[in-house]
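As annotated by TrEMBL, active site, proton donor applies to Tyr150. Under the heading active site, proton acceptor, TrEMBL lists Lys221. Annotation source TrEMBL lists (S)-malate binding site at Arg203, Asn471. Look at TrEMBL and you will find Glu292, Asp293, Asp316 tagged as divalent metal cation binding site. According to TrEMBL, the feature domain 'Malic enzyme NAD-binding' maps to 317-503.
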Amino acid sequence: MPNPSGQIGRLLLLRRRPATPSAAAAAAAAAAAARRCFTTTEGHRPTMVHKRSLDILHDPWFNKGTAFSMTERDRLDLRGLLPPNVMSSEQQIDRFMADLKRLEEQARDGPSDPNALAKWRILNRLHDRNETMYYKVLIANIKEYAPIVYTPTVGLVCQNYGGLFRRPRGMYFSAADRGEMMSMVYNWPAEQVDMIVVTDGSRILGLGDLGVQGIGIAIGKLDLYVAAAGINPQRVLPVMIDVGTNNEKLLEDPIYLGLQQHRLDGDEYIAVIDEFMEAVFTRWPNVVVQFEDFQSKWAFKLLQRYRNSYRMFNDDVQGTAGVALAGLLGAVRAQGKPMIDFPKMKIVVAGAGSAGIGVLNAARKTMGRMLGNTETAFASASSQFWVVDAKGLITEDRDDIDPEARPFARKVKEANRQGLREGASLVEVVREVKPDVLLGLSAVGGLFSKEVLEAMKGSTSTRPAVFAMSNPTKNAECTPEEAFSIIGENVIFASGSPFKDVDL
């Protein structure tokens with residue numbers, strides 16, 4: 001057998017055949033094989049490989065990474081273990097060199113540590129070599145390294161994942177795998193999986209459509225679940241569903257790892273997600289599937305489609321809502337009010353995406369139940385919210401209201417009485433409403449400008465609350481320093497990204 005180290009990039013990979021029925025048949029097959037001239041298209045003799053799946057990807061002699069052809073991936077049980085785009089060796093070299101050149105520039109994520117990406121690389125290499133030590137380091141230093149393995153640094157990682165990719169982690173299901181997913185799930189070696197975090201890369205944090213590079217968000221989230229929640233690392237699975245990307249920059253990038261096509265939509269998109277869900281629950285019927293960073297258009301539809309059939313949830317719609325609701329109830333307590341006063345709080349919400357609507361629904365439902373759990377109670381609860389999106393205040397006068405936001409649209413006459421109109425700016429709304437809470441889920445960095453925070457000083461509450469929940473750090477609506485310096489030390493501040501303590 002030829003030396004495998006001399007054959008990397010030129011493998012003809014064959015499946016093992018079942019035992020032949022007789023010695024004569026075996027001899028005939030051997031003679032026939034001897035007469036055949038097995039060569040690759042480059043004219044080199046092939047290497048027979050007996051390893052399969054992750055064993056090949058973890059073997060530096062045989063691993064070709066994204067250069068494995070689709071035929072090789074099918075024969076070697078690699079389908080789904082690599083990003084879907086097949087690259088030549090030359091393209092792989094170009095990708096590596098582009099990554100080296102990027103190191104010459106200091107990448108920054110707003111006010112975060114300029115060395116964060118370098119720290120992530122070091123931690124990732126440790127993860128590749130020794131997973132036990134990796135999680136011990138993370139657990140022992142969770143305060144320091146949580147911002148490295150997840151937000152804000154994970155946003156930077158996803159943006160640069162094409163250059164950072166070295167060793168595959170998790171699974172990739174793509175539109176090109178339709179009809180194959182039921183068998184693909186068995187390429188993953190773990191017999192038991194407790195938790196899957198899946199994304200389609202369409203709305204990564206506040207960074208938009210990052211396509212297949214969004215896998216970093218699923219990896220980072222599960223790292224936190226292992227380190228902070230104690231989930232068995234051998235029973236977690238990060239997943240990327242690649243249905244294309246509408247990010248033109250990625251589509252034009254020759255070293256992009258994903259499908260270089262525009263996103264599927266409508267029934268074609270649903271068909272891919274349906275097949276994925278059926279496949280993973282067939283192999284792991286007790287798994288919990290967390291949907292992460294799906295665009296609003298699909299976040300609610302998929303949640304409604306699967307929530308009564310599968311053990312799943314949407315982190316942006318439900319997870320963010322749970323955390324935000326806890327913060328809102330905590331603000332009531334911090335303001336020195338009884339909890340029954342929560343339905344009286346005036347809340348201005350900046351952002352009407354999946355996270356914003358999820359928080360609104362959770363807060364409205366809680367208020368409605370406190371008020372008697374009747375239709376009138378829920379109508380009264382809805383009147384406590386003023387929702388501002390990119391077009392301004394949402395009222396019933398708007399022609400193209402998102403169906404999910406419609407229950408929170410202000411009545412025109414009511415808005416007029418308050419001196420507001422359809423499309424009123426955030427600062428106008430805050431100035432007129434004088435809210436108890438200003439909640440930011442807009443993914444627009446600096447949205448809570450000096451004028452907006454100055455307007456919050458007119459709040460009817462003695463301790464107004466400002467929640468700048470967008471991430472990563474550069475997308476936070478304001479910083480704690482800005483909130484405390486402008487509104488005063490009585491402000492209650494919460495954020496979706498880590499900030500250093502503020503000296504008052």
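Glycine too: its Cβ is placed from the backbone N, Cα and C atoms.
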Out of Tyr150, Arg203, Lys221, Asn471, which of these recorded positions is nearest Asp293 (divalent metal cation binding site) by C-alpha distance?
Arg203
Among the recorded positions listed here (Arg203, Lys221, Glu292, Asn471), which has the Cα closest to the Cα of Tyr150 (active site, proton donor)?
Lys221
Additional residues surrounding divalent metal cation, by Cβ distance to the Glu292, Asp293, Asp316 centre under 8 Å
Thr199, Arg203, Ile204, Ile217, Phe291, Phe294, Ala299, Asn314, Asp315, Ser354
Spatial neighbours of the residue listed as 'active site, proton acceptor' among the binding-site residues Arg203, Glu292, Asp316, Asn471, defined as Cα within 10 A: which are they?
Glu292
Compile a sequence-ordered list of residues in the same chain as Asp316 (divalent metal cation binding site), six or more apart from it, whose Cβ lies below 8 A from its Cβ; state 'none' when nothing qualifies.
Arg203, Phe291, Glu292, Asp293, Phe294, Ala299, Gly353, Ser354, Ala355, Gly358
Cβ neighbour count within 10 Å of Asp293 (divalent metal cation binding site)
27
Residues satisfying Cβ distance under 8 Å from Asn471 ((S)-malate binding site), sequence separation of at least 6
Thr151, Pro152, Gly155, Leu205, Gly206, Gly496, Ser497
According to DSSP, which of helix, strand or coil covers Asp293 (divalent metal cation binding site)?
coil
